[in-house]
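Trainee: Submitted below is the structure of interest, expressed as structure tokens.
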Amino acid sequence: MEERATFNEEFIKEKRRQDMRHQVLTFSMLIIFTLISFGMVMSDLNAMFVRMVIILFAVVQVGFQLYYFMHMNEKGHGMPSLLFYGGCFAGFLTVLGLVVLTWW
Amino acid sequence: MSTLAASNKRSFWSVVWDYITTVDHKKIGVLYLIAGGFFFLLGGLEALAIRWQLVKPMNDFVSAGFYNELITMHGTTMIFLAAMPLIFAFMNAVIPLQIGARDVAFPFLNSLGLWLFVFGGIMLNVGWFTGGAADAGWTAYTPLSTISPGEGMDYYVIGLQISGAGTLMAGINFLVTIINMRAPGMTYMRLPLFTWTSFVASALILFAFPALTVGLFLMMFDRMFDSAFFDPAMGGNSIIWQHLFWIFGHPEVYILILPIFGVFSEVVSTFSRKRLFGYSAMVFATVLIAFLGFMVWAHHMFTVGMGAAANAIFAVATMTIAVPTGIKIFNWLFTMWRGSIQITTPMLYALGFIPTFTIGGMTGVMLAAATADYQYHDSYFVIAHFHYVIIGGTVFGLLAATHYWWPRMFNRMLDERLGKITFWIFFVGFHLTFMIQHFLGLWGMPRRYWVYLPDQGLDLGNAISTAGAFLMAIAVLILLYNIIKTAIKGEPCGDDPWDGRTLEWAVPIPAPHYNFKQVPLVRGLDPLWVEKMDGRKEMTPSEPLDDIHMPNNTVLPFVMTIGFFIAGFGFIYQKYDNALNALIFVGMGIALGAMLVRSLKDDLGYHIPKKELEKEARK
Amino acid sequence: MTEQDIMNPKKMPLQPEKATLEGKNKFLGFWFFLGGEAVLFASLFGTYLALNGSLNGGKSAEEMFGLPLVFIMTMLLLTSSLTSVYAMHHLRNNDFKRLQLWMSITVILGLGFLACEIYEFYHYITDYGFTFRSSAFGSAFYTLVGFHGGHVVFGLAWITALIVRNAKRGLNLYNAPKYYIASLYWHFIDVVWVFIFTVVYLMGVL
Ligand code: HEM
Ligand SMILES: [Cu+2]
């Protein structure tokens, strides 16, 4: 029994080490996204196109942060996701309303 | 009044201290009830003054400026300081018991939320004594609100900011309580409907209040620090306030009504002696209403010129909300159908609520027709609409809850005969006041005007309306008499006076402060009824008797609130003298200091040892 | 669970942040709070987007904003997000020293960010006369970015208090949830910043 427990612990430690490697990978992705965004803005690509792409990148970046950095991919995050995304949804409507319906 | 009576032997100040430092949800519920009740009476007085001013044409009972203060403070008080806190009173008093919990998830935050509400409410009303209360309407539209002279609107901004923070905490607290603190077997689909609807309302609070917070910050910056959000001369835009206010404001009306739907579901089911018809449809409808409630805010802004497309979208979205609401109405009717109905006071309110609220919903759909709303908007028709839903819904529900849960909270039954008299006078007074206002509105009477000309067909209607208002006031006085009478003369009512169905009636009256000696095992919807049907009198425990863990009392929430309260004055008055900025630093220092103490001092609560519990059992 | 088990656990569970009921409650409640914060920042973003053309004769975003500084700030905050992930990694491995170390690095990076932000505001105010009061755009800009900055300040104070407070006592089941939610808060600050640098700065100079 005792041996089994330590074995289990070793296994978990190893798994965590791997997870941490994924986190570093995530981090590099975030850096790359950020670099691309900054780069695109400084290039002379079509402004509308750039706008769409960098917003998309922002959303993807945030997704990575939520899922890996903030551990949303782990078990037991059902309710947190529900209410957090609920907030995001309400927030999205708010931004939409203020952008579209303020001057027009 | 068990809690009060039992403490009579102690000195007055030790009782006060006990209530100031309490983290017990039952006592916090009582405090919410007292404070909310007080503000309800205050708002009621303001309403009477408004109606008295309008009793005849060209009346001069109050000045135009004071009239504006009255309508503003009436609306603000009733919504933020009466209706919501009274709902929190019952949520606190009942929900932990209904789900089989010993406490809420965050007892400390619970106390903090209460005190923030109380002091926010006081703040709002300080304006009366410093040269005029808030006077730009409860909706505080800019630029009226940003250029309104004096400090009245400053008190509105700071007061609502403080009490709004308290509300947000209460919302989060109940969400987590309901998710994490349920007794074994209390699955989501066995939650009593009051708990379900409060859960959804708490989610609405969480998503709606931040928009108000931001709106209030912007208004505060414009008024106190000369920013330019709403000032067109500097490129600002007034419409932003309207959006932020209604993005909060429409969900807010559902925060006010959803828990009340829950109250009526409990009442109707208890007094029809039947389980609720269409339980899952009720839950589904609640969630759907909440979801749709976020997509309709602009129906309050049909006339600002958003354009036909936007108006059409919001009109259709708004009308769809009537569908889940209709589902609910039918479910209550079907619950009563073939039930063995007992006409108790709470049940009377339920019966009065159904047709009244239905009328309010119908006028709502009329208002939602954007083109027609150009005619109704800002007229007495709108006033009639929202009083039908808010009084006919929320207030009727709160009165029903008061009569229904009074024995649970205070170990006394309210006098049933007086209760029924209260109902009938209130019911008649209500319809007398507000039915005619639909027509006054259609005949051209605008809202928020302090006088009207004679002989325009408005005289009689207004007189009737005022008469009705005084009837409602009489009903409230009878209720107060009832409360005092039963507190002095009434007998302790003992356990389970209504032959209840849900868990709160399984707890002895008065409740021990740990609620459940052993957390019960829930075996179905209406758990107490399930046991009763199996011939048992009590719940089956889900655990052996053991030490009980309880949180410590603390004065920090109160201190923190005082800090914010002081800082509030600093914000309001710093424009006169820079030295007054000191108030901001002192106040924030106190508040942040209390926060720091809270986070630095370990507070693990205490245990009630098993032996003590066994001793109590033998007594 | 007795006091002893919480304050001096014989063995750390796999997820010390969620081992007690208090921890579970904190974890859930804090996520919900972040849901509310999402609406709060959305309202600020909406206001900013509605007003970012209201220059009132002042300089526009394009003329003022300098991307190099924003890039440095972004890197500082992104990196601090990673360091706080490291801290949580060590929290779960019950390695208190490293937890404190990585949390401290997070604070230092956060301070760097804050210094840049203060410099940036100072620069706009003195060099361009672009203030909170000069236009609706100014009000909206300083409010949005300032609210974020305020969150940074609060987060730094919070994490510092945790580090100092627990330096002597080590990790237990009472303070593990506190570290955990503080780190969630810090990540959320970074999440908001991602939208700020994208929507305010990058789209501002576009
Ligand atoms: C079928 C459901 C409902 C519909 C379709 C509806 C629709 C509307 C519309 C379109 C307005 C704007 C009228 C105008 O200003 O021109 C309005 C106002 C209002 N409604 Fe409702 N409503 C409904 C239910 C409710 C409920 C349940 C409540 C509260 C418990 C409520 C409270 C209010 C309030 C307070 C106002 C007036 C706010 C103000 O301008 O001061 N409504 N409603
Ligand atoms: Cu509405």
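Glycine residues also receive a Cβ, built from the backbone N, Cα and C atoms like all the rest.
OK, TrEMBL features for this one:
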- B:11-523: domain 'Cytochrome oxidase subunit I profile' (DOMAIN)
- B:30-50: transmembrane segment (TRANSMEM)
- B:70-95: transmembrane segment (TRANSMEM)
- B:155-181: transmembrane segment (TRANSMEM)
- B:193-220: transmembrane segment (TRANSMEM)
- B:240-264: transmembrane segment (TRANSMEM)
- B:276-298: transmembrane segment (TRANSMEM)
- B:348-370: transmembrane segment (TRANSMEM)
- B:382-406: transmembrane segment (TRANSMEM)
- B:418-440: transmembrane segment (TRANSMEM)
- B:460-481: transmembrane segment (TRANSMEM)
- B:555-573: transmembrane segment (TRANSMEM)
- B:579-597: transmembrane segment (TRANSMEM)
Trainee: Give, as a single whole number between 0 and 100, the mean pLDDT over the domain 'Cytochrome oxidase subunit I profile' (B:11-523).
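Mentor: That region's mean pLDDT is 96.
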Trainee: Any chance the transmembrane segment (B:30-50) and the transmembrane segment (B:460-481) are in contact, meaning at least three CB pairs closer than 8 A with a sequence separation of 6+?
Mentor: yes
Trainee: Report the listed stretch (B:193-220, B:348-370, B:382-406, B:555-573, B:579-597) having the maximum count of Cβ pairs within less than 8 Å of the transmembrane segment (B:155-181).
Mentor: B:193-220
Trainee: With contact taken as 3 or more Cβ pairs under 8 angstroms (pairs 6 or more apart in sequence), are the transmembrane segment (B:418-440) and the transmembrane segment (B:240-264) in contact?
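Mentor: The transmembrane segment (B:240-264) and the transmembrane segment (B:418-440): touching, no.
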Trainee: Could you give the residue numbers and ranges of same-chain residues that sit at least 6 residues beyond the transmembrane segment (B:382-406) on either side and whose C-beta is under 8 angstroms from one of its C-beta atoms?
Mentor: 78, 83, 86-87, 90, 93-94, 253, 256-257, 259-261, 263-264, 266-267, 270, 344-347, 349-350, 352-353, 356-357, 359-361, 363-364, 366-367, 376, 412-414, 419, 422-423, 426, 430, 433-435, 437-438, 440-441, 447, 479, 498, 504
